[in-house]
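Feature list (source: Swiss-Prot):
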- HIS96, ASP98, HIS158: Fe cation binding site (BINDING)
- ARG168: 2-oxoglutarate binding site (BINDING)
- 78-177: domain 'Fe2OG dioxygenase' (DOMAIN)
Amino acid sequence: MMYHIPGVLSPQDVARFREHLEQAEWVDGRVTTGAQGAQVKNNQQVDTRSALYAALQNEVLNAVNQHALFFAAALPRTLSTPLFNRYQNNETYGFHVDGAVRSHPQNGWMRTDLSATLFLSDPESYDGGELVVNDTFGQHRVKLPAGDLVLYPSSSLHCVTPVTRGVRVASFMWIQSMIRDDKKRAMLFELDNNIQSLKSHYGESEEILSLLNLYHNLLREWSEI
């Protein structure tokens, strides 16, 4: 399943990020990809050795960790270190699949269950640059407002179309979920959304408490901690 997570960063935060990123040191994006990805990748990434990068990636982690909808959809166990990329002048990233595991500074290794892109450019400011994701439900083309995030299974083939005008800047990361199975995670997300909707309409009740009990028992049964 694919999820749109709105408002991860406020417009003020996005403007501040863009101002900082204009001063950042950018390097060839192929430095962080494997042999297969390097053949189809043509973009730039912020140099991860800089102090500016360390500060910005920490802010992204704080923002997603504090976003209730992100947590409900991803049920994250481990988040990768966020990276930042830039596309301009017909740069693109052809169809590829993300690696199944990635190194992690604290945990050694993490499994990539979900991929996330946090958009930092207004969609009207550039042409092209759509994230195209192929999954069991078909092909999805994504170009979200700045500050919004998209979550999708890391097992999906995906690409970024050429940016023919302007500049597309984004942050991206991977998530190891407490729930490995996409279908089970989607069911828990739907159940959680329905519980929250019922509570907002009817307040607390024995029936809602029973559903909440079911949610946590399923989470207990399926989670890998």
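The backbone N, Cα and C atoms fix where each Cβ goes, and this holds for glycine too.
Feature map: Swiss-Prot annotations on the structure.
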residue	record	DSSP class
HIS96	Fe cation binding site	strand
HIS158	Fe cation binding site	strand
ARG168	2-oxoglutarate binding site	strand
* Find the shortest Cα-Cα separation between the residue listed as '2-oxoglutarate binding site' and the binding-site residues HIS96, ASP98, HIS158, and name the residue that gives it. => HIS158
* DSSP helix, strand and coil counts for the domain 'Fe2OG dioxygenase' (78-177)? -> 3 helix, 60 strand, 37 coil
* Asked: Which residues in the same chain, at least 6 apart in sequence, have a Cβ under 8 Å from the Cβ of HIS158 (Fe cation binding site)?
  -> PHE95, HIS96, VAL97, SER115, LEU131, VAL132, VAL133, ASN134, TYR152
* To do: Would you mind listing, in sequence order, the residues at least six apart from ASP98 (Fe cation binding site) in the same chain with a Cβ closer than 8 Å to its Cβ?
  => THR112, SER115, SER154, TRP174
